[in-house]
Protein chains: 2
Amino acid sequence: MKKLKGLKCVSCGHVHAIEMIYECEHCRGSLDIIYDYESIFTENVSDHISEGGIWRHRSLLPIAANTEAVSLGEGNTPLLRSTALEVEFDQAEILIKNEAVNPTLSFKDRPLAVALTVAKQFGVEGVVTASTGNTGVAAAAYAARAGLPCRIYVPKGTPKEKLIMMEMYGAKIELIEGTFSDAYLVSGQEAKKNGWFNLTSTFLNPYAIEGDKTLAYEIYEQYGGVPDWIIIPIGAGPLLVSCYKGFRELQLAGKVAKLPRMVGVQAANCAPTVQAFEKKLKEVEPWGYSNQTVASGIADPLTTYPQDGTRTLTTIYQSEGCGIAVSDESIMHYQKWLAQKEGIFAEPSSATAIAAIEVMKEKGFLQNGDSIVTVVTGHGLKDLKSIR
Amino acid sequence: MKKLKGLKCVSCGHVHAIEMIYECEHCRGSLDIIYDYESIFTENVSDHISEGGIWRHRSLLPIAANTEAVSLGEGNTPLLRSTALEVEFDQAEILIKNEAVNPTLSFKDRPLAVALTVAKQFGVEGVVTASTGNTGVAAAAYAARAGLPCRIYVPKGTPKEKLIMMEMYGAKIELIEGTFSDAYLVSGQEAKKNGWFNLTSTFLNPYAIEGDKTLAYEIYEQYGGVPDWIIIPIGAGPLLVSCYKGFRELQLAGKVAKLPRMVGVQAANCAPTVQAFEKKLKEVEPWGYSNQTVASGIADPLTTYPQDGTRTLTTIYQSEGCGIAVSDESIMHYQKWLAQKEGIFAEPSSATAIAAIEVMKEKGFLQNGDSIVTVVTGHGLKDLKSIR
């Protein structure tokens, strides 16, 4: 594809050719796709308008114009004004981007639809992923749609509902003792052994995370501009980083003048990136404590890849955003509050993005007139253990 | 509202004024909203294009132009081509309309968003509904969004996941001994006593079911015309009847020439309407046998309101469609098949719409060149009992 210039290492800057690789060959840093934006922005974008959801933005994805999308109708999720939140926190404008309204009920459908389409482009024979749940569910569904076998490595304690979904879609599941970081290692070995495409989220798969950029394009279109703040729950944080990349692309295209301030939210019980932000560090360190939290979807201690947290932290600093940690008690409170006040049933990991507003207010980050978009990343029905 | 001409009884034809009533004052028949189509079709419809989902079609809903919608971003669900189904059944064109990709994971978000918006128009103090699950979940969520209290009457045996959702949204749930028909009676009494709006699906609430018409408008737009067949799982059958009404409106507007043939699907273990179709009867009789089936969402014996089944049967005849009964075994088979072949996890009641294609083929209803849209009405994650 002419529009893709290469895979650039975010650590050392080395540019690699477009291939099925996951890290810099020199320094093992994570990779970022670089585009020939000039050629893209002169293309007639309306060519893709008839494709729905994320595929309207195909020109800014690592997909050729004529490649058939592996799609289940992902994206184009609701952006809802929340009067209840505005009153609760005395803010002028709070909107909820509800990513639970996706085919497998989380934002992961964006990167996985892109990843499986790329998998078909590369002609692989199967796909592998590590997951805390949502990535695995999406990987299993999109692999089924693509007609490819799928193996998923999940930590023990992954919510039962997510396991049932993966199984229904026909994926092979391996339960791993330990945390997500342990599952991450095993899945990497398996992918290497079989030559299968590794879909693991974090920043491992540089193609998948490009799908996350479509969140930015949709917020821009639906909001009609750029909100002051965008709040996103983060494990490693690819959604936050890619969403910001999406807005930077809109800036390059001359569509927006300012950029949003990015807020990364973690559960206080597993908050490696937020801890680094609070200590004003430049680099994230692995989380050395227990990572027990109701927010299982973002309970990533970053044990063997703290540099992924650093990539997210760097974006937070660049955007003049902040890192926010929230307690399990507050997560459970706002999960229920949001369902009862607005009819939106978020999973605990997503309720962090509501709980964060309270902390931002307390810490003085917010002006009353600020506009806020907070992202509900997944549906509460996928994780009922926390409610019982 | 000038565009609404009245509520017409489908049995005796008497026209009532637009009020909060649920049946004909003369013969207790169900009611159908009649519109002044001439004034609607001369309106500038593009005024509503900026509203998303079902609200783009506001001009054909019983909602004033300036009424604020009680919306969670419902509608605009994916219409997906299914090569796997086309191969399986040797058909030229099969598409799946996936209504599980709605805020509360079923098509019920369409009628309930409309119903709660109408509830606000009427200025009621609360809402009531009987439900086998999906209506209750949607009613609870939209009532929360509208800021109205909600009481839900469900038969014992309603899937646990659906009860958890209703509870999360803050609704008050009453478990009723017996079938949906029993819950129907109690909810009616409660609504009358309190003056609360009765959202019960079946054809009771003439406003709610207008929301179902938006399914037709979307199929027309996404498919780019009218498919030969539309397959819909039915309890009483409001979705089937309203979808057909939607296509008739498109015909009146001069947008389409032909109309689709409507297929109503029931589980063989509870199939009052299909039985009447197979016996070539003009009227449906209540189901006199046990109604035990995995398809709990459509297990309605129509005990005290067989005329609702007759309304659906009449539409099936008018459209030159058919009624199809499918076995529990086939439902479970195609539920798994659909998840593994296409990455779509339908609830058992929805998998009937896949299983029906096999029976239509066997019975000689289908030509190989026919185009088919089959409707997946709700998400499998809302009903896990059947899988365990």
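Glycine is treated like the rest: Cβ placed from N, Cα and C.
Annotations in TrEMBL come from automatic prediction, not curation.
Annotation comment: TrEMBL describes A:Asn134, A:Thr377 as pyridoxal 5'-phosphate binding site. Feature annotation from TrEMBL assigns domain 'Tryptophan synthase beta chain-like PALP' to A:70-378. For A:Lys108, the entry in TrEMBL reads N6-(pyridoxal phosphate)lysine.
Within 10 Å of the C-beta atom of A:Asn134 (pyridoxal 5'-phosphate binding site) sit 34 other C-beta atoms, taking all shown protein chains into account. In this model, the domain 'Tryptophan synthase beta chain-like PALP' (A:70-378) carries an average pLDDT of 96. Note: the CA-CA distance between A:Lys108 (N6-(pyridoxal phosphate)lysine) and A:Thr377 (pyridoxal 5'-phosphate binding site) rounds to 8 Å.
Taken residue by residue with DSSP, A:Asn134 (pyridoxal 5'-phosphate binding site) is part of a helix. Around A:Thr377 (pyridoxal 5'-phosphate binding site), the same-chain residues at least 6 positions away in sequence with a Cβ under 8 Å from its Cβ are A:Glu99, A:Ala100, A:Ser106, A:Phe107, A:Asn134, A:Ile232, A:Pro233, A:Leu239, A:Gly297, A:Ala346, A:Glu347, A:Ser349, A:Ser350, A:Ala353.
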